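Worksheet for the structure shown next.
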């Protein structure tokens, strides 16, 4: 019944499994060390593996033609370990018995002929016929199979051979299947690599999504071409399929989340820039706080752009997320950095253009120098990624310290503090807290709790500084002496004078909180001078610099 063409849905419990896809798993030698001396570059005894398979139905019911590539990581020493060992394989999948039989290509290049003599003389097709008819788990008798059946099988493999050559010729992975300077290429020329594997389906409780997932477990052997022993010890393969569609959907949802978060951050930055649109307001904001956030957004922009380049099918999604992050850091945050820098040096605004350009060059060179230096530090200490992230997420601390030193009044809008705190937590909590993230990183709940508490504590201190004063948590005994705008003034100045801001009279005969006096002994209404100091920290009358209120 195997060689009679039927509708696969009519075969009862024997329904075909589509094993096309990507499989991730591990490999290891059955012996503790590889005993072969033919390939001394094989230094490792175990490692990770990636299997990519394409399964195509044939005219023989129950038999699918399979082609693909197997990538073995951690096979060679460091000299040859770039990209791992990659083997191109082809074979058959006998789906009623869940048997997978594959062989590696011999390494011989050339066009495939369509003649039957070529098929019978090609070692690859002979091995496939031998696997299908003799070495498979099916107990067939070769002599009992008719000549018509054998010829039919040859025609099938002839067509599949031509199909295979076209597929591999058009495939973009053709570049990585041939590394003629690698030891694996020499092994393919001298060894008949054969793989026998069993396919099993993972239970629905362990599945991600609605699609079936499969597990491959098998043995890879390597008899030499001249029957002079084995090229290397038998190798055990274990791999589980990766649900690419679910993976892509998760990645797209992640990029949508990043895009939405970036849009919210743009709105929050606009709100904050309107809150501190004066020179005095911008001077209260710490340049380190905004600069640290700009560096974080620049890193995220580079990471998402790199991910889009590496995964071509997800380029549009990741490029969109990278574009929004680029807008956040290059347009809004860099513009805000420049405004803070100009506000912090008001006495130098009248200098020449050459001086201004030189100092701007120093500012930008420091920013991009820290950006590139941070990349090198993270690459060198990538094993300490979580502590480095905690250090990056201390961006509110410079503002807290600046508020205490300068006794600044309400430098940041409360909506900006809360909004930035929440949106900055979205990406790290997804990566290290979501159990089904598309990057397959194991969740670390303790680190996520530590991050939330750490940045939440910073935001709480900033909000309390906004409502209770910038030095609310510091004992008065250790606070430096602060100028009081409600100090006692000369009793002789008890006549009515005018406030030069609103041009109305100030009654000095009665002491109240409605009158403020500057260090240069000029009198103003309290509300008028406070609004003036939000714009300029200098006396409206004599232009002398004023201390913070």
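Easy rule for this one: first residue shown is 1, then count along the chain.
Even glycines carry a Cβ here, placed using N, Cα and C.
TrEMBL does not curate its annotations; it predicts them automatically.
A Cβ distance under 8 Å defines the sequence-distant neighbours of the transmembrane segment (317-339), meaning residues of its chain 6+ beyond its ends; these are 251-252, 255-256, 258-259, 262-263, 265-266, 269-270, 272-273, 282, 285, 287, 290-291, 293-295, 297-298, 300-302, 304-305, 307-308, 311, 360, 363, 367. Positions annotated as transmembrane segment by TrEMBL: 317-339 (among others).
The annotation transmembrane segment is assigned in TrEMBL to 360-379 (among others). Counting residues 6+ beyond its ends, the transmembrane segment (360-379) has Cβ neighbours under 8 Å at 291, 294-295, 298-299, 334, 337-338, 341, 385, 388 in the same chain.
Sequence-distant contacts of the transmembrane segment (417-438) (same chain, at least 6 residues past either end, Cβ-Cβ under 8 Å): 208, 247, 250-251, 254, 257-258, 261, 264-265, 267-268, 293, 296, 300, 386, 389, 393, 395-396, 444-445, 447-448, 451-452, 455-456, 458-459, 462-463, 466. Per TrEMBL, transmembrane segment is recorded for 417-438 (among others).
Long-range neighbours of the transmembrane segment (444-464) within the same chain, counting only residues 6 or more positions beyond its ends whose Cβ lies under 8 Å from a Cβ of the stretch, are 386, 389-390, 393-394, 396-397, 399-400, 403, 412, 414, 417-418, 421, 424-425, 428-429, 432-433, 472-473. Per TrEMBL, the feature transmembrane segment maps to 444-464 (among others).
Summarising the annotation, TrEMBL assigns domain 'RING-type' to 499-543.
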Pull the DSSP breakdown for the domain 'RING-type' (499-543) and write it out as helix, strand, coil residue counts.
-> 8 helix, 9 strand, 28 coil
